[in-house]
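J.: Sharing a structure with you now.
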Amino acid sequence: MYFSAVFLRSTAPRFSRSLATVTHNPQILTPLRHDWTRQEIKKIYDSPLLDLVFRASSIHRQNHDPSKIQLCTLMNIKTGGCSEDCSYCSQSSRYSTPTTASRLVDIEPVLEAARKAKENGSTRFCMGAAWRDLAGRKRGFERILEMVREVRGMGMEVCTTLGMLSPEQAKQLKEAGLTAYNHNLDTSREFYPQVITTRSYDERLETISAVRDAGISVCSGGILGLGESDQDRIGLIQEVANMPEHPESFPVNALVPIPGTPLEGNERVPHHTLLRTIATARVVLPGTIIRLAAGRNTLSESEQVMCFMAGANAVFTGEQMLTTPCSPWDEDKAMMGRWGLEGMQSFEQASVARKEGAALGPQTPRTVSEAQAELP
């Protein structure tokens, strides 16, 4: 999920299979960097908010079609009973919360949910299981691989979040047709131990490396409202920006405090903090899809649109997130219609298309590094 900015020639790109392509024609290639310092990102983050949004919006339009929003639907395929102690999560077995533990669901209900999501305009279907890892879950993993194959067969992008992965497990998911794997870093390296103690920051990075090495797109972001500081938000952005390849997707979640969790009393994240984080991420991660994720249902329509203006270009839509509310399809489609926005098609992001192995013809979207390599 590391993406470099897209360069389009005047003729529409041609793919060997039916992959939709970006239709805008950016005039500027935004260089990608992997050597950001915290001071550099802090300077961006601390700039006047309207100036920052304008800068982010300009970069967004250079690298993305500003009229397109990726619609994703998330399904919890295994709820609760997790051994981790993530202090924000109702699925931890360590806390007494409204979430009831259940076993891995059967394949057919998942396929039914995916079909419904596709009918409603979602082009990426995500499946989440409340596990620390897949150790001792051979049969469950085989069932998930079948889910991935079936959903991919519908022509949708497929994403999973299953906890820690080994390189071999990542390879099997890729072979089954997995498009993306979500594994959030949540916050900065420094603040992380105050949020989670059962899995280290480096273990999270190891899973991300295994996913990337398997050729699967990486989806990795964070949660705002954990009690972190501005420096922690800056640290999170620096961490993903300096990965060997930028994540294809950077989810920005606003904490939804859940009764029974240690963070149940945390206050709602101010909109200006959410906006500033999105805009900074857009400047530093010019080619990445920035996903407005958990907590979006608490934002007004105008607040959401400001996030889109600042560079967010994906949302979760449907009946619910894993354990928190989600904005319904009909409401989202109506909002997008009012603001002249439309949904992306599956595999529309050029970096995802490349990772899917499309044999691109001579008229192809190219990364910044590829384009610059051809310059004299």
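Quick reminder: no glycine exception, Cβ is built from N, Cα and C everywhere.
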J.: So which range, 27-51, 102-126, 327-351, 352-376, gets flagged region 'Disordered' in TrEMBL?
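T.: That would be 352-376, the stretch labelled region 'Disordered' in TrEMBL.
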J.: In the structure shown, with every protein chain counted, which of the binding-site residues C82, C89, C126, C159, C219 has the densest set of Cβ atoms within 10 angstroms of its Cβ?
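T.: Of the binding-site residues C82, C89, C126, C159, C219, the highest Cβ count within 10 Å belongs to C219.
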J.: Just to verify a number: CA distance, C219 ([2Fe-2S] cluster binding site) to C82 ([4Fe-4S] cluster binding site), in angstrom, no decimals.
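T.: That separation, Cα to Cα, works out to 21 Å.
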J.: Applying the rule Cβ within 8 Å of the centroid of the Cβ atoms of C82, C86, C89, what extra residues of the same chain belong around the [4Fe-4S] cluster site?
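T.: Result: E84, D85, Y88, S90, Q91, S92, A130.
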J.: Given C89 ([4Fe-4S] cluster binding site) and R291 ([2Fe-2S] cluster binding site), what distance in Å do their CA atoms have, once rounded to a whole number?
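T.: The Cα atom of C89 ([4Fe-4S] cluster binding site) is 19 Å away from the Cα atom of R291 ([2Fe-2S] cluster binding site).
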J.: Return only the integer: C-alpha distance in Å from C82 ([4Fe-4S] cluster binding site) to R291 ([2Fe-2S] cluster binding site).
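T.: Approximately 25 Å lies between the Cα of C82 ([4Fe-4S] cluster binding site) and that of R291 ([2Fe-2S] cluster binding site).
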J.: Within 8 Å of the centroid of the Cβ atoms of C126, C159, C219, R291, which other residues of that chain place their own Cβ, given that this set defines the recorded [2Fe-2S] cluster site?
T.: C72, L74, R124, T161, A180, N182, S249, P251
